[in-house]
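Novice: Okay, these came from Swiss-Prot:
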{"type": "DOMAIN", "residues": "26-100", "note": "domain 'REM-1'"}
{"type": "DOMAIN", "residues": "111-460", "note": "domain 'BRO1'"}
{"type": "DOMAIN", "residues": "515-593", "note": "domain 'PDZ'"}
{"type": "MOD_RES", "residues": "655", "note": "phosphothreonine"}
{"type": "REGION", "residues": "46-66", "note": "region 'Interaction with Rho'"}
């Protein structure tokens, strides 16, 4: 006899005052960041439409045999390619819109580059999860409508996270919740029929898969992107703000590096291993730049040892940006990295190399070795400043000879002016960088300062006497490093914990439907012993006891006693409950573990518009009928994202039948419709 398991008196998941429900930002707020994200969503749709039209035109060109038709199609293809190029340039403009994310109090600092959040489409979990709960766990799916709707609300809230630690915790909580969902509802032998669609943040190309790994990888990318936006928002005019900036970019690098190492075959350009490696380098370069700004924040005194330190710190920043620019110009990254990003990396490389030469020139020209000063220390610092001294010069002789110091200092000034001019030229070649006023002002001011100092010292025979300035050895007191994400610090409650302990009740294990066992304890003896802990398992069963006669088997798991859910009860609690009935009849429900059948894994197709080469995830292929009926609950609670129009979320009916015998469904409680609802759009509002 089989029954449907009805969890009696389930423990509520709601924790009032414990931040169980989290909200995203108001998608209707017309902030600069929300407008930018709305433009990104609109551009994604335009790019998708243009790519579909181009694909259709290419197919028509292959199929057409009429020469006149082929010429018309070629003309249309040229227009479509032109439109796509313009759309990609618009998307690049959004990716370099650094002014929106910068702190408003910053007046004279070079902007940092944040990453934009990946966009997605709405996903309906309800039908697939309800079917799986009925089929796999043999439980009534209506009991889990609240939990399914909570999961969908949490996903919707993650589309508009706030730009602070609360937003990071929101994304991390959903990422960890996906781990629970994957273990409970995504078996390794089949697909669930839930299609996840995410847009590439750099190209706008959509990627769709029936694979939860795409969802998890995209959420990780957005966590890293959110850290970059937090870093650019910090006030870099204060020491605490700069420290927060360094920390945020190090954490962003850690998340992106974790994504690269964990999800190695992601089907999106922005999450490919090569692109992620470049993005990690960019985050660390910006963290190193903020470290240099922190050194310079108190003001630079015209002191020998301090100038040596600052020169080497600037050389370090220039070095990491030079390496970043080289990485951005390698295939296959070069094709998809925004040109303005690569240009800005080159600009910063020249700018900070120029600063290193300027500070070196200052310490050589403005200082002389005086009696009583630490001669050995200055000699050591100067020797460590260069990998090798210019031919014919020694550190100590240079310190003592004013003329040699002047000549070497002017050589560094010439080199500084050259790098400044190159940085300004590179910035002028990029239309997006020309529109960043603060960048132009900083580059111009630095160039004028070096040019003025050289003009004051220039002599007619400098072209004959000056030698090439040696390269400055890069050195930093604080080497920035990747901070590994710590997901364990975010406390998450499994939405579907009523299904039982995850170690036992998971998608990887197949179970029989619950069987009702009616028996009595003869003279206080149950006829079996118990073992295990949450859930309790039948052990050492007496084949002649009443429980065995009623159908109990050794190894069965006890899931309920007298309609009281026992999946989370300990052995002592279950034994105490059984003993409490004495000689009375006991109704116990048990389930048995079925042998797992091995299934050969197959690859599923990745739908990616316009991607000639794609990284394909391994997932499992079966035919799944399209489910178009979107279902949502009428929640007793406010949704995670409680802005929008008044639309009630309707409950959906499952497509599977309950394996129940003589079980009466309890009356459905009437729920009050929420005055708020999620905005249901194809692209997220931000």
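Glycine is treated like the rest: Cβ placed from N, Cα and C.
Could you tell me the structural context for the features on the list?
Specialist: Over the domain 'REM-1' (26-100), the average per-residue pLDDT in this prediction is 75.
Per DSSP, the domain 'PDZ' (515-593) is made up of 13 helix, 29 strand, 37 coil.
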Novice: Across the region 'Interaction with Rho' (46-66), what are the DSSP residue counts per state (helix, strand, coil)?
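Specialist: So the counts come to 18 helix, 0 strand, 3 coil.
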